[in-house]
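Marked as ATP 1 binding site by Swiss-Prot: G198, E199, P200, G201, V202, G203, K204, T205. For G595, P596, T597, G598, V599, G600, K601, T602, the entry in Swiss-Prot reads ATP 2 binding site, with the evidence type similarity to another entry. The domain 'Clp R' feature in Swiss-Prot is assigned to 3-147. According to Swiss-Prot, the region 'Repeat 2' annotation covers 83-147. Residues or ranges marked as region 'Linker' in Swiss-Prot (evidence: similarity to another entry): 332-535. Marked as region 'NBD2' by Swiss-Prot: 545-756. Swiss-Prot lists 757-854 with the feature region 'C-terminal', giving similarity to another entry as the kind of evidence.
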Amino acid sequence: MNLERYTEQARQAIAQSQVLARESAHSKIDLPHLAAVMLRDAAGLPAKIVQKAGQNPQNIYQAAQSELGRLPKVSGTEGGQYLSSRLASALGRAEKLADELKDRFVALDTLLLALAETGYGGLQASAVRQALQEIRGGRTVNSEHAEGTYNALEQYGLDLTRQAEEGKLDPVIGRDEEIRRVIQILLRRTKNNPVLIGEPGVGKTAVVEGLAQRIVKGDVPEGLKGKRIVSLQMGSLLAGAKYRGEFEERLKAVIQETVQSAGQIILFIDEIHTVVGAGKAEGAVDAGNMLKPALARGELHLIGATTLDEYREIEKDPALERRFQPVFVDEPSLEETVSILRGIKEKYEVHHGVRISDPALIAAAQLSHRYIADRKLPDKAIDLVDEAAARLRMALESSPESIDALNRRKLQLEIEREALKKETDAESKFRLGELEKEIADLEEEIRKQQAEWEAEREIMQKLRAAQQRLDEVRTQIEQAERAYDLNKAAPLRYGELPKLEQEVNELADRMAGAQFVRPMVTEEDIAAIVSRWTGIPVAKLMEGEREKLLRLEDELHKRVVGQDEAIVAVADAIRRARAGLKDPNRPIGSFLFLGPTGVGKTELAKTLAASLFDTEENMVRIDMSEYQEKHTVARLIGAPPGYVGYEEGGQLTEAVRRRPYSVILFDEIEKAHPDVFNVLLQVLDDGRLTDGQGRTVDFRNTVIILTSNIGSPLIFEGIQSGQSYETIRERVFGVLQQHFRPEFLNRLDEIVVFRPLAREQIAAIVQIQLEAVRKRLAERRITLELSQEALDFLAQRGYDPVFGARPLKRVIQRELETPLSRKILAGEVADGAHLYVGSGPLGLTFEARPTAVA
């Protein structure tokens, strides 16, 4: 026996037989070892041949295993060192069969045929030989990896026309122009290879699926009728090709099978750019070069699909590119997207077992178009519908909230009951009796609601089963009508179909009044998914949120004292956005806050972020003092190609891509280089910015706040000379126009000059600052009370019209926090104490009281 004459898979089978004999402690390798190894994999080549020969491979495998269990075991010496005479004779016969079949190597299927000729396991040699020849398709074994080339299209391809016949493809709505153009190119004599080019998610693969469905229906010109579209899986072709030349052999077999079909098979390669360089190794030929000759001669019909960016890979090889005809697939319009969603709705309803309302489909198209900027229609709209239906299905299959709440209440009462059982006093016994009654009432209510929910769920499951059956019947009708089998089609179309449609409608009507199960996907469900994906609140306003928006000024005034103009301007912009009246192509609002230091410009931005998002974390703060040089603009939008940090993206663009709904604060903008403002022009006007990598970032759901100290000297001058606020404002605007370009100022929604703080406002700020001190003391359970004199002392010491509220912070630190920290460290103020702060001739006085005064 010359092992070099065997293919790689045949050698592996013999080696594994030896391993099996050794593990089983059998002295010889025999026919059952080889049979068990060959038929172990139900999807392997030997199992397929046995099945094609009309026998069950699993039965033969089980018989081989039982025979192995009966063979005598040896001990003391290592097993599997000899071939049995039966196996040696079978291997000799396999080599002779290879010569008869004109093979250069003994393949795995030849071994199986030799096994069949011994009569092992009841295998019929003639049937196995016929199956072998069918699978080989007239080819001979000329390489060590020949098995990988048998039935290459079946192994490495997916028949889209067969899937269309079985109703496994989603309906393709629209795209008629693209499908017609593909058909036109396929009917050419040479270079009849269309390549679909478009952005990810616009429906390139759907065009090919639409063509497969048209071929099945016969809705194509004569030249395409009866043809098969096979999608080639490049991953399967490459997977497991360990040895040089194995990948090329597989691809060659695919090309040969396609060419031999005499134009009956059209290959479809999704992500066709992967064939350029696929399988390339030193001295090897890549897939693209192997396809060229057959493509040029028109023997190979090929449809490709790739994105605009990745088509460049093919453009690098002009000889390959000229063999393709590009077909551009554009993003569908909103109306077309809604039509597509209506067409595929039924498939999703059947899969999830829920109904999808038409307004939900319209909302999915509109909201995805408006809020999900980095993806394309119809893909993003379909994803929204799919996820909303999955979310509803998950809710339907879990216990309703009302039953959960009752169960939690019952558990709480049961814990209380167990505690009261140990008490003996009359009051506890009375309470125990009340508890028993309440628990019994709860159990009754839970039982009642549980029964209702179970009944509704049962109807829901019946509805899902009926929808699935309806879908199956429609597919069967289509198949019967295509085959002109009217005896089968008529009873289905006029008997079973109307009956099932009526059943589905009746069950849907019964579900309409359901208390616990809501089987309909609505606009609110779609809006909730959009909010979860993007963080943008697009759901309908709840009553609480309406109140909050109407009282937004009061919320902002809690932390920002005075500055009514600025607060009203910001609050109005937020209300316009949430009511849906803002310009859809601009940010929610863009404001320039001017004024002296310490009057609340930055604090207002922080407060707005906290009231919109319940946390200041959602504020993107960019300190413009870091952007004083021209080249620092690249830090905002990302470095250009070829520079360090190109992959990282910009500080501004990346922050907004991750959180499209946020407050962006550009602090101290007058300190930045003038070129930075050129970047902001597009953001303020169109609500978009292109980063260093060419991606468009959407700023339409951001609030942009810029702060500046420009004109501060004029404000100080005006305050000291007693000028009115209006006069100061006019003078500040004059300075502003000298510093910033008109096109920048013209794009801002509002320019607000903050007023200097008055003495009364400082008194209100004292209370806000003290609240922060109280929060820090709360960790030690120390409460703080200040007399009116102490408050007046802090306000008077902290008032400085030129420096705003910041000196007040320093006064509180010096006069209150520092002496207080000394007293805590000295042990004069214990944890849990109540501290009373008064005012004396030398400053603040501290008196620790043991308990808090009510």
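Residue 1 is the first one shown; counting continues down the chain.
Yeah, the Cβs are placed from backbone N, Cα and C, and that goes for glycine too.
Features recorded in Swiss-Prot, as mapped to the structure shown.
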residue : record             : DSSP class
E199    : ATP 1 binding site : coil
K204    : ATP 1 binding site : helix
G595    : ATP 2 binding site : coil
G600    : ATP 2 binding site : coil
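Listed in chain order, the residues near the ATP 1 site other than G198, E199, P200, G201, V202, G203, K204, T205 are A206, A305, T307, V329, E331, K376, D379, each with its Cβ within 8 Å of the site Cβ centroid.
Listed binding-site residues: V202, V599. The one with the lowest count of other Cβ atoms within 10 Å of its Cβ is V202.
The record gives G595, P596, T597, G598, V599, G600, K601, T602 for ATP 2. Within 8 Å of the mean position of their Cβ atoms, the other Cβ atoms in that chain belong to F593, E603, T707, N709, F754, G804, A805. Cβ contacts within 10 Å of G203 (ATP 1 binding site), excluding its own Cβ and spanning all protein chains shown: 28. The CA atom of V202 (ATP 1 binding site) is located 48 Å away from the CA atom of G600 (ATP 2 binding site).
For the pair formed by T602 (ATP 2 binding site) and P200 (ATP 1 binding site), distance between Cα atoms is given as 41 Å, rounded to the nearest Å. The closest partner of T205 (ATP 1 binding site) among the binding-site residues, by CA position, is G600; the full candidate set was G598, V599, G600. Ranking the binding-site residues K204, K601 by the number of CB atoms within 10 A of their own CB puts K601 at the top. Sorting the binding-site residues P200, G595, P596 by the number of other Cβ atoms within 10 Å puts G595 first. Ranking the binding-site residues G595, P596, T597, G600, K601 by the distance of their Cα atoms from the Cα of K204 (ATP 1 binding site) places K601 first. Taking each Cβ in turn and tallying the other Cβ atoms within 10 Å, the top scorer among the binding-site residues G198, G201, G598, G600 is G600.
Listed in sequence order, the residues of the same chain lying 6 or more apart from T597 (ATP 2 binding site) and placing their CB within less than 8 Å of its CB are N709, S712, F803, G804, R806. For E199 (ATP 1 binding site), the number of other Cβ atoms no farther than 10 Å from its own Cβ, over all displayed protein chains, is 16.
When the C-alpha distances from G598 (ATP 2 binding site) to the binding-site residues G198, P200, G203 are tabulated, the minimum falls on P200.
When the binding-site residues P596, V599, G600, K601 are compared by Cα distance to G203 (ATP 1 binding site), the shortest distance belongs to K601. Rounded to a whole value, the Cα-Cα separation of E199 (ATP 1 binding site) and K601 (ATP 2 binding site) is 43 Å. Counting residue by residue with DSSP, the region 'Repeat 2' (83-147) contains 43 helix, 2 strand, 20 coil.
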